[in-house]
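Engineer: Copied straight from TrEMBL:
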DOMAIN    220-421  domain 'GMPS ATP-PPase'
BINDING   SER248, GLY249, GLY250, VAL251, ASP252, SER253, ALA254  ATP binding site
Amino acid sequence: MENGGAAKKKPRLEDGLQHAHTVCLVLDFGSQYTQLIARRVRENCIMSILLPGDVSLDRIQEIDPKAIILSGGPNSVHIEGAPALPSGFFEWTEKKTIPVLGICYGMQLMVHTLGGKVQTSSLGGEYGQMRIRTTQASQLYSYEADHSQLVWMSHGDSAEDLPADFTVVATSEQGVKVAIESAKRRLYGLQYHPEVMHSERGNLTLQHFLNSIASLKADWKMENVLEEELEKIRRVVGPTAHAICALSGGVDSAVAATLVHKVLGDRLHCVFVDNGLLRLHEAEQVMDTFKNHLHLPVTKVDDSERVLGSLKGIADPEAKRKKIGASFIDVFNNFANGLEKKGGIKPTFLVQGTLYPDVIESCPPPGSHQKHSHTIKSHHNVGGLPKDLQFKLVEPLRELFKDEVRAMGRLPAMNVPEPFLRRHPFPGPGLGVRILGDVTQPDGLAVLRQVDAIFIQALKDGGLYDKIWQAFAVFLPVRSVGVQGDQRTHSYVVALRAVISSDGMTADWYPFQPEFLRAVSTKICNSVRLVNRVVYDVTSKPPGTIEWE
């Protein structure tokens with residue numbers, strides 16, 4: 001068969017990784033730090049999989065985890081309708097001797113589910129960095145010599161009465177039970193966040209849980225993952241099928257294309273779409289990189305006039321994302337039909353650079369009052385694809401975080417140029433989500449391209465570009481009064497955004513020196529005729545997102 005699959009059950013590209021590696025499952029109950037837990041696990045060379053906390057027990061058993069971590073969350077376990085674990089969860093983990101670590105809400109859920117008592121603390125909540133005292137005669141802290149440490153607290157409820165077989169192994173200065181364990185049942189709980197850098201020995205505690213208590217095998221390494229992904233591509237696509245690769249100019253699609261090209265060779269047809277929403281000179285620079293540095297076969301398609309025409313009058317961010325995502329699919333369908341007419345080749349696969357954070361952010365946790373249709377944003381690779389897509393998806397990076405993709409690209413077998421790997425992320429909808437409101441409003445694209453180019457060049461000239469995860473400008477559809485050349489002006493306001501992050505799921509704004517911001521603002525107002533005011537965004541994620549839309 002052309003697609004290389006069996007008639008009854010075709011293999012999926014996402015199948016396999018979790019069964020080839022030791023897995024620590026992270027169940028998400030809505031904490032802003034949940035994805036950081038998953039990252040910390042992977043930093044210890046152990047594969048982590050993140051699922052909503054109310055996932056079925058059958059799905060948990062299918063993954064076959066060797067350890068489970070229950071995340072924190074904003075809810076109270078004693079309130080009606082609070083997120084809960086599937087029925088029979090602890091009976092199953094005890095039978096399989098799977099160690100479970102509950103963090104914050106996860107600890108309270110453990111206590112509540114097993115018959116203990118959790119209530120609003122009579123001593124008041126504990127927030128921020130606080131000192132705790134740990135007990136030497138415990139499994140959780142047996143490695144410690146100094147049993148006093150600073151940790152990061154964020155809770156209003158606390159465990160009052162513990163279930164049978166549990167003991168307190170750490171308390172706060174207020175006497176709150178902040179760490180508990182039942183070594184016999186392999187159950188452990190922390191009322192603080194060990195995953196954040198503000199907990200001075202938190203990462204050591206996580207390492208101890210993973211390596212010593214759970215005895216997990218550290219087999220999550222990019223060299224192994226690369227070989228496994230290559231083999232899966234061979235198995236799924238087969239020896240004769242052709243594929244289209246959607247190249248955006250970003251790191252993810254470039255690494256995905258390089259990976260798939262190693263297997264398919266000239267059966268891979270890369271398409272770079274200029275949809276009119278690219279940065280200044282972006283199309284020319286990207287095509288040069290693809291052809292002269294990555295040596296990938298690329299066809300550029302100019303679809304800008306059609307896309308911009310379809311966006312006229314659309315201001316809703318989700319509507320824009322979906323419209324732009326659909327336009328990409330139209331291009332790929334037309335391109336595939338053209339190949340078939342010209343050479344009798346009909347590509348049946350579509351390669352995308354979808355990452356694990358894209359998948360996570362499209363599946364909100366329980367207790368967030370969100371359903372799959374009401375996500376933080378519909379990622380064009382995940383939520384923006386049509387139901388009648390004529391291609392089978394190939395997403396070789398779907399289980400990786402951004403820094404893992406870069407690590408894979410740096411492997412000698414991949415040899416993706418370092419300057420390309422260091423490029424800041426660029427959203428699939430492009431400048432369409434950096435112009436608030438109607439993308440086709442007068443002056444929006446022209447002004448934004450000029451401002452963005454000035455900002456990014458200033459970062460490179462100042463040696464700041466590689467210190468920042470993502471930086472860009474935003475066009476605001478408002479005008480402000482100003483004075484330029486002794487004359488009153490009524491011109492546009494633009495916002496600058498720069499954040500530091502490890503995976504894009506949480507982020508902090510970058511603390512520029514005032515002199516830098518002054519110089520950039522001055523250059524923008526002097527160089528871009530229609531701008532007379534520049535503001536800098538000092539919002540972290542959460543509560544904001546990195547992009548404005």
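FYI, residue positions are counted from 1 along the chain as it appears here.
Note that Cβ sites are derived from N, Cα and C of the backbone, with glycine treated the same way.
A TrEMBL annotation is a machine prediction, not a hand-curated record.
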Engineer: Let me spell it out: for each of the binding-site residues (VAL251, ALA254), count the other Cβ atoms within 10 Å of that residue's Cβ, using every protein chain shown. Which one has the most?
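Structural biologist: Answer by Cβ density within 10 Å: ALA254.
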Engineer: Please list residues from the chain of SER248 (ATP binding site) whose Cβ is under 8 angstroms from its Cβ, counting only those at least six apart in sequence.
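Structural biologist: Sequence-distant Cβ neighbours: PHE272, GLY353, PHE426, GLY428.
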Engineer: Select the most exposed residue of GLY249, GLY250, where exposure means the fewest other Cβ atoms within 10 Å, treating these as the binding-site residues.
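Structural biologist: Lowest Cβ count within 10 Å among the binding-site residues (GLY249, GLY250) is GLY250.
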Engineer: Report the residues of the chain - excluding SER248, GLY249, GLY250, VAL251, ASP252, SER253, ALA254 - with C-beta within 8 Å of the mean position of the site's C-beta atoms, for the recorded ATP site, in sequence order.
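Structural biologist: Going along the sequence, the neighbours come out as LEU247, VAL255, ALA256, GLY353, ARG423, PHE426.
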Engineer: Tell me, how many other CB atoms lie within 10 A of the CB of SER253 (ATP binding site), whichever protein chain they belong to?
Structural biologist: 22
Engineer: Mean pLDDT, the domain 'GMPS ATP-PPase' (220-421)?
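Structural biologist: Looking only at the domain 'GMPS ATP-PPase' (220-421), pLDDT averages out to 84.
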Engineer: Cβ-Cβ under 8 Å from ASP252 (ATP binding site), same chain, 6 or more residues apart: which ones?
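Structural biologist: The list for ASP252 (ATP binding site) reads GLY353, THR354, LEU355, LEU397, LYS402, VAL405, PRO425, given in order along the sequence.
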